[in-house]
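Residues or ranges marked as domain 'Glutamine amidotransferase type-1' in Swiss-Prot (evidence: sequence analysis): 16-205. Summarising the annotation, Swiss-Prot assigns active site, nucleophile to Cys93. Feature annotation from Swiss-Prot assigns active site to His179, Glu181; the stated evidence is sequence analysis. Per Swiss-Prot, the feature domain 'GMPS ATP-PPase' maps to 206-399. For Ser233, Gly234, Gly235, Val236, Asp237, Ser238, Ala239, the entry in Swiss-Prot reads ATP binding site, with the evidence type sequence analysis.
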Amino acid sequence: MAEPVDLDVAGPVGRPVLVVDFGAQYAQLIARRVREARVFSEVIPHTTSIEEIKARDPLALVLSGGPASVYAPGAPQLDPALFDLGLPVFGICYGFQVMAQALGGTVAHTGTSEYGRTELKVLGGDLHSDLPDIQPVWMSHGDAVTAAPDGFEVVASSAGAAVAAFENRERRLAGVQYHPEVMHTPHGQQILGRFLHDFAGIGARWTPANIANALIEQVRTQIGDGHAICGLSGGVDSAVAAALVQRAIGDRLTCVFVDHGLLRAGERAQVERDFVAATKANLVTVDVADTFLAALSGVTDPEGKRKIIGRQFIRAFEGAVRDVLDGRDIEFLVQGTLYPDVVESGGGSGTANIKSHHNVGGLPDDLKFALVEPLRLLFKDEVRAVGRELGLPEEIVARQPFPGPGLGIRIVGEVTGQRLDTLRRADSIAREELTAAGLDNQIWQCPVVLLADVRSVGVQGDNRTYGHPIVLRPVSSEDAMTADWTRVPFEVLERISTRITNEVPEVNRVVLDVTSKPPGTIEWE
């Protein structure tokens, strides 16, 4: 399989800030917060060598938190030689402690832990200047820095940490015991921005316009004089990816919409209408619903379904090249893979494989195309911003996420035509009611799930029913890395439930999924 080309950040966007991951659950969130300060960032494992870091030519380093104690056997360590590179460095929680230790400070298990909301007292310095002297922050630590390294000013304290923040302006080094990246630290983004812009002197160049220009140039360089084919799913990711490539190579891009029979109601017509109107791109629709359903027959394992869908998806493209595109030489396949897709599929160093994404881990080894993934390093909010920069309408860029495998992974059990019809009707009702209630912008997405192998007893009129349950999974999120269930008003839930059980005969029960991520993923499969 061709290796995807990562974003060349040495272009108009500039060099990256590297977030060194010490095992923190918030490492990806830190990267997002750095980007919100208009600075490009990437996450690297703490095992990355100093030579590798030098080769990346970063503008600064951010050391993440982590679950270990600096004194525990096998705990992640920091090579003091890192500070000889002369780079600005910002330590967070464990990163703050390991930074202090490497520079000659003292870290101890004081017996006073702080978890959750904590009051921070600002003692001076520049990191917290012009912010409240007493402010709430989010702490999560057992060990604490008890003595700052020589040359560092202690600039904040808390009840459980006499040294809750320190800084050395001359060396452009700073650190905090708390978590500035989480929403529970109200001034955290200002503090992180102050380090990036004031301490490190980094400009705010990670803007939608610069991102779009850099990605267009990247695609133009990768494809050269070649031709590309892009699969449209109806979602924002594939639409923005296609729009970028279309800007780069013009009519040498052909977009293919694979109607795999796993779509929601009205989806095909919407793609054929909205996307073509917005981009004027060449669009070919391939109807392969029967092929997909035959391949999925008898399959109930979620991973099996995802991989089959990924494999059939590519085969549909190869068929389009042969049958629809008149034998033209198509060398490149464009996909809307995002950074969270790569992370969940185990594409980041040290990450576990949570699930295969059909456009990451489900591709066949004998792939006939070289992959072009212009969005591979972007989060969803960045994709939407780039889409707006490219002039795509809100109907496309504001659309709630919908997985490439479609309704195939929203049926828990075997995928059949009848089950798809049942789920499609229930999904359409839920979407109609959420839109009518004005909740589209408050909900990240609302998967509607059919528990196809589960039945429960009900009663309608004077008759006993034995129907399937439908699960509503409304969630709120910023980037799909974490999510919380959305508190949809009860009256809206009631309308959805009443309509589904009245209008979809196979369903006699509607339930609400109130699980956050973690522990549950957004999609059930």
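Any Cβ shown, glycine's included, is placed from N, Cα and C.
Bear in mind that the values here come from a model prediction, so they are computed numbers and not experimental data.
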Using C-alpha atoms only, work out the spacing between Asp237 (ATP binding site) and Glu181 (active site) and round it to an integer in Å.
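On Cα coordinates alone, these residues lie 26 Å apart.
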Take the Cβ of His179 (active site) and count every other Cβ within 10 Å, whichever protein chain it belongs to.
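Around the Cβ of His179 (active site), 23 other Cβ atoms lie within 10 Å.
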Can you check which residue among the binding-site residues Val236, Ala239 has the largest number of Cβ atoms within 10 Å of its own?
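Sorting the candidates by Cβ neighbours within 10 Å, the top entry is Ala239.
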Here's one to test understanding: among the active-site residues Cys93, His179, Glu181, whose C-alpha is closest in space to the C-alpha of Ser238 (ATP binding site)?
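Closest by Cα distance to Ser238 (ATP binding site) among the active-site residues Cys93, His179, Glu181: Glu181.
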Across the domain 'GMPS ATP-PPase' (206-399), what is the average pLDDT of the model, as a whole number?
83
Between the Cα atoms of Ala239 (ATP binding site) and Glu181 (active site), what distance do you get, rounded to the nearest Å?
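Glu181 (active site) has its Cα 30 Å from the Cα of Ala239 (ATP binding site).
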How big is the gap, in Å, between the Cα of Glu181 (active site) and that of Val236 (ATP binding site), rounded to a whole number?
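Cα-Cα distance, Glu181 (active site) to Val236 (ATP binding site): 26 Å.
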Determine the Cβ neighbour count for Glu181 (active site): the number of other Cβ atoms within 10 Å of its Cβ.
29
With the ATP site defined by Ser233, Gly234, Gly235, Val236, Asp237, Ser238, Ala239, which remaining residues of that chain have Cβ atoms positioned within 8 Å of the Cβ centroid?
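After dropping the recorded site residues, what remains is Leu232, Val240, Ala241, Gly336, Ile396, Arg399, Phe402.
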Give the distance between the Cα atoms of Val236 (ATP binding site) and His179 (active site), rounded to the nearest whole Å.
31
